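Enquirer: Quick one: structure below, then a few questions.
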Amino acid sequence: DVSRKHHPWKEQAPWLSALGKAVGTGVPAKGSPGGAGGQPGWNPPRCGVPDLPPLPDGQSGRNRQKRFVLSGGRWDKTNLTYKIIRFPWQLVKAEVRRTIEEALKVWSDVTPLTFTEVQEGRADIVIDFTRYWHGDNLPFDGPGGILAHAFFPKTHREGDVHFDYDETWTIGNNLGTDLLQVAAHEFGHVLGLQHTAVSKSLMSPFYIFRYPLSLSEDDKQGIQYLYGKPSPDPEPTPTQPAQLPQPDLETNEITNVEAVQPDACHAAFDAAATIRGELFFFSSRFVWRLRAGKLQDGYPALASRHWQGIPTSVDATFEDPRGNIWFFQ
């Protein structure tokens with residue numbers, strides 16, 4: 001069950017208030033002047049998560065403006081699950097899944113976080129492509145403008161990520177809106193990062209296509225402040241070469257054998273093969289077994305003592321990757 005409980009207006013009010021402040025402090029309204037150059041009627045594409053209002057003069061220094069901003073919440077675990085509810089119509093589902101996985105990997109590469117997709121039951125991160133009013137009082141506005149929004153940890157809708165279905169979603173190009181870049185940005189919010197004033201940061205609120213996608217040092221410091229650095233790979237422990245499992249060939253004394261054992265110096269070998277790390281030579285009904293270049297005690301022996309039902313003469317044999325031994329006659 002991935003449905004979310006609708007909370008009363010009072011609980012939503014802080015978000016709407018913050019959104020109103022954001023509109024008055026740098027988020028252009030649809031059709032209003034804004035963006036680089038202040039072109040009237042141009043609404044620069046951006047994330048719909050409200051920006052934090054600037055602090056009054058004297059309370060915000062340049063250093064504070066130039067570093068990552070936290071939402072105040074973080075996940076209490078590092079192994080998170082995610083689910084995709086609906087997909088954009090322009091892209092096939094497999095492409096979307098690969099892109100979402102890649103966007104999450106941007107963050108897991110620099111932290112101990114792991115992400116696993118689930119298709120049944122509940123998930124920590126719920127991803128949906130939806131339109132206009134969709135139940136969270138943060139409506140989308142059609143093509144352009146607001147591209148997506150997400151909810152921070154420790155909020156009433158933590159883990160929800162919504163993409164505007166009406167955008168022209170693309171992957172790896174600027175012919176539309178690059179899903180990888182927008183998804184990676186929104187996952188930053190889901191993990192606890194706010195917008196930053198660092199222009200080339202992934203967590204900058206305005207969308208600018210950049211390829212290849214990468215985290216800025218500001219992004220990296222922010223996410224590692226919340227979750228730490230990735231666990232180093234353990235140093236490999238020197239070990240002795242593993243003893244390969246041996247077939248039940250240890251009691252090779254040939255008793256009551258009617259056939260006379262062949263003389264290796266005069267025998268014509270029909271086949272040879274490496275089986276479980278040892279070299280076997282086949283001649284008629286007999287087999288020679290060599291380990292580390294040395295003939296093992298009790299050999300030659302009847303091949304049927306090792307492999308019941310083996311043909312009386314073998315033209316070829318080999319061991320497949322699963323450990324099955326094949327004989328050809």
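Placed from the backbone N, Cα and C atoms, the Cβ positions cover glycine too.
Because TrEMBL annotations are produced automatically, they should be read as predictions rather than curated entries.
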Enquirer: Which of His162, His185 shares the Zn(2+) 1 site with His134, Asp136, His149 per TrEMBL?
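Expert: Answer per TrEMBL: His162.
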Enquirer: For the recorded positions listed here (Glu186, Asp270), which one has the lowest count of neighbouring CB atoms within 10 Å of its own CB?
Expert: Asp270
Enquirer: Excluding Asp141, Gly142, Asp164, Glu167, which residues of the same chain place their Cβ within 8 Å of the centroid of the Cβ atoms of the recorded Ca(2+) 3 site?
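Expert: Result: Arg131, Phe140, Pro143, Gly144, Gly145, Ile146, Leu147, Tyr165, Asp166.
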Enquirer: Among the binding-site residues His134, His149, His162, His189, His195, which residue has the fewest other Cβ atoms within 10 Å of its own Cβ?
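Expert: Checked His134, His149, His162, His189, His195; of these binding-site residues, fewest Cβ neighbours within 10 Å: His134.
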Enquirer: On a count of neighbouring CB atoms within 10 A, which of the binding-site residues Asp124, Asp136, Asp160, Asp315 is highest?
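Expert: The largest 10 Å Cβ neighbour count belongs to Asp160.
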Enquirer: What are the DSSP helix, strand and coil residue counts for the repeat 'Hemopexin' (262-310)?
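Expert: Taking the repeat 'Hemopexin' (262-310) as a whole: 3 helix, 21 strand, 25 coil.
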Enquirer: Near Cys47 (Zn(2+) 2 binding site), meaning Cα within 10 Å, which of His134, Asp141, Glu167 (binding-site residues)?
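Expert: Matched binding-site residues: none.
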